[in-house]
Each structure stands twice: as structure tokens, then as C-alpha cells.
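*Asks:* Sharing the feature lines straight out of Swiss-Prot:
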BINDING   ASP36, GLU37, TYR38, TYR39, ASP40, SER94, LEU95, ARG147, GLU181, LYS299, LYS323  NAD(+) binding site
ACT_SITE  LYS126  active site, N6-AMP-lysine intermediate
BINDING   CYS415, CYS418, CYS433, CYS438  Zn(2+) binding site
DOMAIN    603-679  domain 'BRCT'
Amino acid sequence: MSLSKSKVKSKIKELNEKLKLYNHHYYNKNESLVSDEYYDAKLLELENIRDNFPEEYNQVFQKDFSKSVLEKVNHLDEQDVKLKKEKHQKLMLSLNKAYSFEDLERYTNRINTFVGNNHQYILQEKIDGVSISLYYENGILTKALTRGDGIYGENVTHNALNIKDIPKTINIKENIELRGEIFFSLKLFESLKNEFLDKQDGTKNKKWNTPRNKASGILKSLKTTDESSWLSCFIYEVVSPENFNLKTQKQLFDFLKIQGFNLPKFEFIENENLIENFITNFKFEDDQRDYEIDGLVIKLNDLSLYDLLGKTSKFFHHSIAYKFRKKFVMTKIEDIFVTVGRTGLITYNAKLQEVVLNGSKIKAATLHNYEYIKNIKINIGDKVYIEKAGEIIPRVVKLVSPKNDQNYFSPIEFCPSCKNKLSWSENMLNQFCLNPDCIEKKIQKLKYFVSKDGMEIQELGGKKIELFFAKGWVKKIEDIYNLKNNYDDLLKLENFQEHSVNVLLHKIEESKDVYTWKLIAALGIKNIGKKLAKSLVKIIFENDQKNLLSLLEFNYDELEKYDEFGSVKIESLKEFFANDENRNLIQFLDQNGFELKMEKEIIQSTKLENKTFLITGTLEKPRDFYKNLIIQNGGIISSSISKKLDYLIVGQNPGSKEKKAMELNIKIIDEEFLKKMLE
């Protein structure tokens with residue numbers, strides 16, 4: 001469902017304010033409120049909204065784009081900055097980011113387009129630290145500036161002089177500017193953290209929460225501190241390398257080594273085709289590495305091409321940062337709790353110490369069923385690794401320190417809701433509450449019915465279902481459509497005003513005007529999803545059944561002649577519609593405004609007849625616009641890539657589907673080509 005203009009604008013404002021807050025703390029208070037991954041995810045979300053809703057984006061900022069974090073360069077607050085600010089001799093920009101091999105391919109393709117093919121590259125570790133620029137005059141270190149906002153940096157020379165990894169003198173008499181990263185050794189950080197934590201004041205947790213934050217705090221302290229001797233430094237850039245006859249990155253690194261600087265680990269890559277292989281085999285999570293990295297930097301080896309490739313206001317085009325996504329993150333199980341689903345399925349879950357994984361804050365994760373707990377031997381207090389399964393649902397993967405004993409969480413015997421004894425499935429993997437009167441099962445069924453996967457009654461969310469159930473107003477689906485009888489009671493509730501109650505009741509009434517497949521899907525019939533619900537309604541219409549009661553009268557054995565309906569699915573339908581409670585529900589819905597409705601495919605032309613299409617990436621208009629356009633001209637929308645696909649329509653940031661289409665020799669087109677097909 002597409003967002004309204006007002007909701008799009010609200011989302012833009014919300015994301016912009018959040019990112020402004022994060023920037024303020026990062027640039028002015030030397031602390032990160034969120035992880036890099038979380039920040040990048042929110043920034044990318046705002047960029048996507050800007051690209052997809054340009055009109056709303058322009059209206060929010062009224063064309064004064066300096067108010068947007070996407071356009072704003074200077075994030076330093078005049079009133080907060082106490083260190084002396086100085087202008088960089090050359091812009092100290094950040095790196096553009098790549099999150100996939102497709103992003104990297106676009107980076108190398110751009111280089112090939114502008115300066116030809118067959119280039120060599122340098123891949124170096126991207127240190128998770130504080131960027132620094134060092135100025136040497138007549139061989140003596142005279143100034144050290146942080147990146148700041150890329151235009152102005154803070155003068156931290158007094159503390160940089162105390163960092164052992166930074167040579168105070170070098171054998172270069174010409175003025176030279178070098179850039180790199182200040183960071184904390186992980187072993188030293190943990191050792192010092194344990195030693196000094198108790199001596200800190202009330203801000204101790206902030207000061208020692210991450211190595212980078214602590215390094216930043218030390219480096220930017222107003223007075224010279226001995227603590228700066230704890231810090232380390234890698235240098236990887238020479239500003240204006242042509243002044244020193246440096247023509248390649250490889251020569252530049254050799255030059256820095258000779259001058260006594262430490263360098264991040266790097267690899268020389270002969271051509272772009274080897275980049276993906278190197279990254280695939282690179283150990284991003286290496287226990288032997290004594291510093292934090294958050295990716296790899298890919299740089300064109302030929303320095304003479306850098307100016308030709310140009311820059312944006314935020315980054316240069318000659319280099320890019322490949323940001324790896326962590327597969328796992330370590331945390332601790334604080335508690336184990338159980339939930340009951342709408343079918344009575346028992347799910348075990350872990351309450352976790354909060355961590356961030358791939359841009360998401362995670363406080364809980366699924367443990368699936370008891371068999372899963374037993375196999376991994378999980379218990380409260382254990383340190384575990386978690387991952388985001390399918391990039392959606394966090395789950396516990398394994399213990400940090402495997403056990404040999406039987407010290408793991410015991411299975412529950414009774415339903416946490418109705419207290420009835422639980423039953424095991426035949427294979428002894430899952431537990432179920434079979435009590436038809438279980439309150440939690442009923443609540444979950446109601447929640448599913450009004451959810452996005454069901455009837456999409458947005459104003460009637462899960463919290464309201466719980467409240468109305470507790471009040472006794474909504475015990476079953478029929479009660480939702482009788483909620484208008486509780487109008488006066490609703491007005492007495494806290495935060496329920498006349499307008500909001502009227503909107504709620506209007507949306508409930510409005511939900512009756514729905515295609516029947518959506519109603520069937522909302523009923524939560526076992527083994528029957530949206531696709532089969534659509535097919536069922538189409539078949540019922542073909543059999544000249546014209547009202548909702550047809551669902552009760554239809555001979556479901558006739559479905560045997562349709563390939564998509566196997567015996568298990570047919571049995572599920574027969575069982576559901578034979579149940580007295582369900583039959584009463586259908587009769588109620590039929591008598592209260594629900595009709596048997598089928599989605600009609602409006603065909604404007606047959607120009608795309610029997611041609612299959614799949615859309616990937618961000619297009620000029622919402623995807624639904626193009627999907628409807630294809631269907632209206634006789635085309636078919638596919639849900640996945642296969643050899644049967646005729647066309648892949650590609651927008652910005654297309655992802656892995658584009659590569660898969662190339663491998664299968666599927667024709668790749670853009671939205672302009674689609675429009676030409678319809679002329």
C-alpha cells in the first residue's frame with residue numbers, strides 16, 4: 001500500500017531530525033548515539049524517499065536544502081566547538097559507500113566510462129577510527145587537523161604530538177600533507193577499560209562504550225593528555241602526490257613506509273574482475289586483528305586519473321568504501337520467554353542485551369521451538385551469536401562457548417496463556433496449545449485479521465485489539481464489525497476523541513469493500529495464502545457462484561483438477577468451512593455488507609500479451625504504477641527470476657537480480673524502453 005503525501009512528509013521530517021541529532025553528537029560531542037550501520041541505513045532510507053518522492057521532499061524543505069542532512073556539509077555547531085577550527089588546504093571528503101557487488105560494479109563501470117578500461121586497484125582495510133590530516137613543514141610536524149565537516153577541521157596538534165605512531169620529523173623538506181586514521185588497539189582498550197572504569201565519573205559508560213568514541217574523546221580533549229599515547233595511527237594518503245612524483249597508490253604506500261609511517265593492510269589487484277573474489281575470501285571478522293574495521297576501501301591505482309573522475313560535494317569518484325554486513329553479533333541472553341501463535345504454536349524467544357546488527361537495534365530473537373534450544377543447549381545468562389535470518393527476523397545461531405553438559409533451558413509444560421497442558425507434534429519438534437478457548441490464540445487470530453497481511457485496518461492495531469478484548473467488546477471477528485455498538489464506551493477511553501473514534505469506525509466499515517481473496521487470506525486458513533486465495537475466488541466465479549455464501553456451498557473436491565491445489569490444501573479448506581463457528585462467521589459477513597468480489601484485470605491493449613516482467617531497483621514512479629501498466633497491456637508480473645522471465649526492468653540500485661538476469665540471458669530494460677514498447 002502506497003503512503004499518503006502527509007505520511008511521506010512526516011517520514012522525511014522524522015528521519016531528517018534523527019540524523020541531525022546523530023550528526024550533532026558525532027561531530028560536536030565525540031560520541032555515536034547509534035552504530036555506523038544503523039546511521040547508514042537511516043541515511044539510505046532518507047535518500048530513497050528523496051528519490052521516489054521528489055515533490056514531497058521539495059515541499060518539506062521549501063527548496064532550502066541546507067536544512068536537509070543529505071545536502072548539508074557543515075555539521076559543526078559554532079557554540080559547541082571549543083577546539084580551534086582551521087580550513088583544510090584541500091577538501092577532506094568522506095567516501096561513497098557500496099553495500100553489494102552490484103554497487104562496486106557501478107563504481108568500476110563509471111571509471112571505465114570516463115577514463116577507459118583495464119585499471120589496477122588497491123584494496124585496503126577501512127579502519128574504524130578518527131580521520132586525521134598531518135602537516136609537515138621542513139620535515140617537522142606542525143599541525144594536525146581532524147576531518148571535521150570536510151571543509152574545516154579541529155586542531156588537535158597538541159595531542160597528535162603524543163601519539164607514538166606519528167613521526168615528529170620526516171626526511172622531506174618540502175611542505176607535505178598526509179592523511180590517515182587514529183584508532184585504539186582493541187586489546188589495550190579492553191585492558192584500560194577494565195582498569196579505569198571504576199575511576200570514571202557519571203559519564204563513564206559513554207566515554208568507554210566503543211574504541212572509536214574513546215579515541216575521539218582523547219584526541220579532541222582541550223588540554224594535552226598522556227592518554228593520547230594510548231592511541232595508534234595508520235597513514236594512507238598523500239595530498240598532492242604529484243609534487244613528490246608519486247604516480248600510483250603502490251608508489252605512495254612505499255613512499256610512506258620509507259618515511260616511517262604505519263599503513264593499513266592492503267592488497268594490489270591487477271584488474272577489476274578480481275575485486276569480488278578478494279572480498280569474498282577476505283576475513284572481515286578476524287580474531288587476530290587488533291583494531292576495528294568496518295569494510296574495505298577500493299582505490300584506483302593510477303593517481304593521474306583522480307582529477308579526471310571528479311567529485312560530488314561529499315565524496316570523490318576515484319575511491320569507494322565497501323561496507324560489509326556483519327553475519328553475526330555477540331550478545332547475552334537475559335531471559336527466555338514463550339509466545340503463543342494464532343494456531344496455538346508455541347515459540348521460544350530470547351530477551352537480549354541490546355545490540356545493533358546491520359542497522360537494526362535488536363533486543364529479542366527467536367529460539368524457534370524447544371528442539372532448537374536443546375540442540376544448541378541454550379540457557380539464560382549464556383553469551384550467544386545472533387543473526388538476522390533472511391535480513392528480517394533476528395535469531396540465535398550458536399553459543400559463544402559451546403557446552404558439553406546438559407545445562408540448558410527446560411521445556412514448559414503448560415500454555416502461558418490458558419494454563420492448559422501443551423501437546424507435542426508427532427515428530428516431537430513443536431508444542432501446541434490445543435485449547436480452542438485459549439485467550440492468546442483468539443487475540444492473535446484477531447490481530448492477524450486486521451493486520452497488513454489481513455484486512456489492513458490500520459487504525460485497529462494490535463494494542464487496540466488487546467484493549468478491546470480485555471474490555472469484552474471484541475472477542476471474535478464478528479465483534480469488530482459490531483464495535484459501533486460500543487460508541488459511547490469508546491469515547492470514555494483515554495486518548496479516544498470523537499474524531500479518532502469516528503475514523504476508526506469508518507475504516508472498519510470501509511474494510512467491507514474488499515476483494516474476497518483478501519478476506520480469505522485474513523481468515524488465516526491453514527496452508528492457504530494470498531496466491532491460493534486469489535485462485536480460489538477466480539475458480540468460484542468460473543462456477544457461477546455469486547455471493548459470499550458460495551464459500552460454504554462450493555464443492556472443494558473439484559479443486560483436485562487444478563495443479564496448485566494439492567490434497568493437503570483442499571483438506572484445509574474443507575475442514576475450515578465445515579466448522580460451525582467459521583460457517584456462522586461467513587453467514588454474518590454475508591449479511592453485513594460483504595460481497596463476493598473478484599479483482600478484474602482491465603486490459604487496455606495486448607501489446608505485452610503473455611510477456612513476463614520483473615521489476616528491481618528504484619524507478620521514477622512507484623512500482624505499482626508500472627505493474628498496473630504491464631497488466632493493463634496484457635503482460636504478466638513475475639515474483640522471481642527464472643528462465644521463463646522475458647524482461648527485467650531495472651532502476652537505480654537494482655541489487656542481485658540484475659546479475660542473475662545476465663547469467664540467464666534475460667533481456668534487461670529500463671522504464672523508457674517499457675514506454676517505447678507501449679507506443
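Glycine residues also receive a Cβ, built from the backbone N, Cα and C atoms like all the rest.
Would you situate these features in the structure and describe their surroundings?
*Replies:* Here the Cβ of LYS323 (NAD(+) binding site) has 18 other Cβ atoms within 10 Å, regardless of which shown protein chain they belong to. LYS323 (NAD(+) binding site) falls outside any helix or strand according to DSSP and counts as coil.
There are 22 other CB atoms within 10 A of the CB of LYS126 (active site, N6-AMP-lysine intermediate), with all protein chains counted.
According to DSSP, CYS415 (Zn(2+) binding site) is assigned to coil rather than to any helix or strand. CYS415 (Zn(2+) binding site): 24 other CB atoms within 10 A of its CB, across all protein chains.
Helix, strand and coil content of the domain 'BRCT' (603-679), in residues and according to DSSP, is 25 helix, 16 strand, 36 coil.
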*Asks:* Could you check which of the binding-site residues (ASP40, LEU95, LYS323) sits closest to CYS438 (Zn(2+) binding site), going Cα to Cα?
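*Replies:* Answer for the nearest of the binding-site residues: ASP40.
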*Asks:* If you count CB neighbours within 10 Å, which one among the binding-site residues ASP40, GLU181 has the smallest count?
*Replies:* ASP40
*Asks:* For the domain 'BRCT' (603-679), would you mind checking the mean pLDDT of the predicted model?
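*Replies:* For the domain 'BRCT' (603-679), the model's average pLDDT rounds to 81.
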*Asks:* Between LEU95 (NAD(+) binding site) and LYS126 (active site, N6-AMP-lysine intermediate), how many Å separate their Cα atoms?
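*Replies:* With distance taken Cα to Cα, LYS126 (active site, N6-AMP-lysine intermediate) is 10 Å from LEU95 (NAD(+) binding site).
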*Asks:* Within the same chain, and leaving aside CYS415, CYS418, CYS433, CYS438, name every residue whose CB is within 8 angstroms of the centroid of the CB atoms belonging to the recorded Zn(2+) site, in sequence order.
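*Replies:* Same chain, not in CYS415, CYS418, CYS433, CYS438, Cβ within 8 Å: VAL340, GLY344, PRO416, SER417, LYS419, ASN420, LEU422, LEU434, ASN435, ILE439, GLU440, LYS441.
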*Asks:* Report, in whole Å, the straight Cα-to-Cα distance of CYS415 (Zn(2+) binding site) from ASP40 (NAD(+) binding site).
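*Replies:* Spelling it out, the Cα of ASP40 (NAD(+) binding site) and the Cα of CYS415 (Zn(2+) binding site) are 42 Å apart.
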